[in-house]
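K.L.:
So Swiss-Prot lists these for the protein:
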- Glu428: active site (ACT_SITE)
- Gly205, Pro206, Pro207, Gly208, Thr209, Gly210, Lys211, Thr212: ATP binding site (BINDING)
- His427, His431, Asp503: Zn(2+) binding site (BINDING)
- 661-673: compositional bias 'Basic and acidic residues' (COMPBIAS)
- 661-689: region 'Disordered' (REGION)
- 25-111: topological domain 'Extracellular' (TOPO_DOM)
Amino acid sequence: MRKFFRGASFYILAFIIILFIVQNFGRPTQEIDELDFSEFYRALVNDRVTEAHLVERSVEGIWVNNNNEEMSYRSFVPEVFSEERLTLIIEEKIDQEGLRVSAAPPPTTPWFIELLPSIFMVLIFIVFWFVFMQQSQGGGNRVMSFGKSKAKLHKDDEGKRITFDDVAGLDEEKAEVEELVDFLKNPKKYIELGARIPKGILMIGPPGTGKTYLTKAVAGEAGVPFFSISGSDFVEMFVGVGASRVRDLFEQAKKSAPCIIFIDEIDAVGRKRGAGLGGGHDEREQTLNQLLVEMDGFGINEGIIIVAATNRPDILDPALLRPGRFDRQVMVGAPDIKGREQILQVHAKGKPLDEDVNLKVLARRTPGFTPADIENLMNEAALLTARKNEKKIKMETVEEAITKVIAGLEKKSRVISEKERKLTAYHEAGHAVVAKLLTHTDPVHQVTIIPRGRAGGFTMTLPTEDKYYVTKTEMQEHIVHLLGGRVAEKLVLHDISTGASNDLQRVSSIARAMVTQYGMSDKLGSMTFGDGDSEVFLGRDFTSKHNYSEEVAAEIDQEIRKFVEEAYMLTEKLLTENMDKLHVIAQALLKLETLDADAFEMIFTGEIVIGKDDQLEDIQPKLNVVKAKKRAAEAAEEAEVAKEDAKKQDVKVSLKKQEKEELIEVSSDKEEEKDNQDDQDNEENRKEE
């Protein structure tokens, strides 16, 4: 259609130009005197007009000018002049045979010239419609193709082929989809056995965990066409477009079968039906209905598999998740420590790492990081190294990148008064000291009073191992840890500030969850309160259901207050009994501004004493010596662990070798026994003959 418009516009423009040339330049040019009527009238009366050609009220012909030269003329008879008088004069001149008069009918415009305005208006309308459709469809589709699918087809020859070897840290998830790949490679094996491969696989997990990447690996491993489309690409401004695009998508997929259709962010089109306050028809629901029909309508041997990804499975329509549609769900969560190490190895490729960079240590220090976070971490480390004009990425640079990813950009240039520095130091020291004194909190990784992001300072605690459950004691101690900053301000400065606002929000949230979600209240018992389900298009608070009475609501508030008050009292007790530790850490923060895990541990235990007159250049060498000793000890411990792992691996290899030899021996024995049996059978046959 676009080529047609280009060709048609060229020919139309050429036709108009040629017509203009013919109309204006096709006739020979001749000099004509333009006479007003009074001059023409005098010339007519004085016998100076020899020819007159009448066309309605205009007169053309030949006259004799003042130089006695015959020239062409043109004049116009005004309506106010009497035609009868002009007629009498002309008749008189004709009778005298001094004037030749001719007349012509009114000029008529050729039919094709009369059609030009209409044709021009039609062309303008077509061009306007074409531009309108281009804009409404994002400029990438053709006219009248708004009902076509926007899915992009990826084939083997397009770019780099991704396989399971390129996916790190998702061993269980890869195992879950291996049979899917086998079905795409060998579908007859399943069809002959009457087996049905899952028609739809739903990838569920937080953002950045690798759902899309894993799906690309499935397509690359199977070597089949891969259609990708976003859930928001179905519904647009025209009614019926969504359902039409779903039909077109499946028609394209059937032509390319076996293939994979990947719908990213399917919650955009697969939300629960009937949600919202309006009672009118929803275009999104029509699209969802068509998707449901298409998914449950194709045959078992067509080789079309739907893979979708979402981080909101709770809002998907139940009909979408039933067997026969998305009947298998693959949970793609954050990787564990082993998976993080594998992902770090992948993203460390092509980056020059210094010898002190230990990926195992980095994997332990990045709990909860998704693959996207780890990729961003290594990229930030490379950027920081380039900013420092260094050739290799050092361990301290990667640790700085970890802090930047978690807490934000460091703002050393911000001017802070001494009063606020002291307030921040005691606030963060309160968090750190309480975390150190408690037994079920994560170890302190870093404490700083340098502003980062929106925080004036922060205390970072990191777990030593991956956790999947949280106990009641851990939640209570976490509340105590969060209250450490507020309590330290009150005990030392005898005042409180707004710096604890975020801490208090988290305290209230944890305490409420303990009572209403996890049944950790002794008074209310093992019950949950409130309905977690709510309408997907409306506010949670607007549609949340209170399945309890007002009396129970008051008891819930009392239990929440009880948890918080008990934690506050414990925090006051801990800091009061360890006030000397609080002052030591706060003074160290005022001098050093940032304490890492080693420095905090050494100062807290008194291994390094910081005097009032000590300067940064006096303290830093002491810290460096102790840190070097600890790193050497960690390296020796890791070497010992690696040695033990190597021994275990050797044992496994020897066992496998022994099993293989035994299998070979058993197989040879069976073959020998079979040969003996064959010899006996042959001997018996000869005897019978």
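Each Cβ is built from the backbone N, Cα and C atoms, and glycine gets one as well.
In the displayed structure, how are the listed features positioned relative to their neighbours?
P.N.:
The Cβ of Glu428 (active site) lies under 8 Å from the Cβ of Val447, Thr448, Ile449, Gly457, Phe458, Thr459, Gly485, Leu589, each of which sits 6+ residues away along the same chain.
Less than 8 angstroms from the CB of Gly210 (ATP binding site) sit Val167, Gly169, Leu170, Val332, Thr370, Pro371, Ala372, each of them six or more residues away in the same chain.
Of all the Cβ atoms in the protein chains shown, 27 others lie within 10 Å of the Cβ of His431 (Zn(2+) binding site).
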K.L.:
Just to be sure I understand the packing, how many Cβ atoms besides its own are within 10 Å of the Cβ of His427 (Zn(2+) binding site)?
P.N.:
29
K.L.:
Between His427 (Zn(2+) binding site) and Gly208 (ATP binding site), how many Å separate their Cα atoms?
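P.N.:
The separation of the Cα atoms works out to 33 Å.
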K.L.:
If you count the other Cβ atoms within 10 Å of each Cβ, which of the binding-site residues Thr209, Thr212 comes out on top?
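P.N.:
Per the Cβ count, the most surrounded site is Thr209.
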K.L.:
Using a 10 Å radius around its CB, how many other CB atoms surround Gly208 (ATP binding site)?
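P.N.:
Gly208 (ATP binding site) is surrounded by 18 other Cβ atoms within 10 Å.
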K.L.:
Secondary structure at Gly208 (ATP binding site) (DSSP, helix/strand/coil)?
P.N.:
coil
K.L.:
Please work out which residue of Gly205, Pro206, Pro207 has the most C-beta neighbours within 10 angstroms of its C-beta, and give that one of the binding-site residues.
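P.N.:
Of Gly205, Pro206, Pro207, the one with the most crowded Cβ is Gly205.
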K.L.:
How big is the gap, in Å, between the Cα of Pro207 (ATP binding site) and that of Asp503 (Zn(2+) binding site), rounded to a whole number?
P.N.:
25
K.L.:
On the 0 to 100 pLDDT scale, where does the topological domain 'Extracellular' (25-111) sit on average?
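P.N.:
The average pLDDT of the model in the topological domain 'Extracellular' (25-111) works out to 69.
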